[in-house]
Amino acid sequence: MPNSKASAIALTISCLIVAASAASFYDEMDITFGGQRAKILNRGQDLSLSLDHYSGSGFQSKNEYLFGRFDMQLKLVPGNSAGTVTTFYLSSQGAGHDEIDFEFLGNSSGNPYTIHTNVYAQGKGDKEQQFHLWFDPTAAFHTYTIVWNAQRIIFLIDNIPVRVFNNHEAAGVPFPKSQPMRVYASLWNADDWATQGGRVKTDWTNAPFTASYRKFSANANIVGPNSKATSSVNENQAWSTQGLDAAGRNRIRWVQTKHMIYNYCSDYKRFPNGLPVECSRSRFL
């Protein structure tokens, strides 16, 4: 019994708050596939992913998290990026996994990227929203943010909210809140679906394709018996109750009016027997 109590205390202590400062990719991430196509640069401050005809590349966080704010700066594949998918997302593992997605679907030169967002809970997704950006995401770095708390998930771009997915468990809608997730990023070929429904294929004469990442930060609960964090529980946890204020509602209204190109909650053809329950309960999803 004493040993069991001690283990419980140790596990509780291991769920710590990590401060939101730009972290070294050496300290925070592991390369998961692609070998030398994934490169940590500038003394750990930058990371590039490349895709060629043989393989893409990717990385994941060393830590698992249960709620937090996650920021990453990305500069996407320039030029003819058709068929490529660049990602930044959170995910747990297993058949009933949870996942919160930013996916960046490439396009032929001169045509805009599609920003694809989705939320999975207990293995079920089908909650897509897509956007075109109001800037060129290949010309400079921009900050993409996921805020995840027990009440809602907020997707932000350069601190402008583009989507909110609220917790509607009371109405029977699963919500990701009990499975710790890692941060993932990847660059891979998906020309069977990514660009104009798969009609435009990857032009391998443009390979290698490269996307750049920098300034990752996580102000989040680290979970796990071997977690190491030096910050205290007094760190700023505004994310734990973060919602949209009046300015945020105005900004998301602008984004969804001017830049949204797909919303599952408007797809009556896809849901002929009625839209998902949450579609009638949230103004901003």
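Cβ from N, Cα, C; glycine included.
Record features (TrEMBL):
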- Glu99: active site, nucleophile (ACT_SITE)
- Glu103: active site, proton donor (ACT_SITE)
- 1-213: domain 'GH16' (DOMAIN)
- Asn107: N-linked glycosylation site (CARBOHYD)
- 1-22: signal peptide (SIGNAL)
Would you kindly give the Cα-Cα distance separating the residue listed as 'N-linked glycosylation site' and the residue listed as 'active site, nucleophile', rounded to the nearest Å?
25
Return the average pLDDT for the domain 'GH16' (1-213) as a whole number.
91
Below 8 Å Cβ to Cβ and six or more residues apart, same chain only. Which residues does that give for the residue listed as 'N-linked glycosylation site'?
Ser81, Ala82, Tyr113, Thr114, Thr195, Gln196, Val200
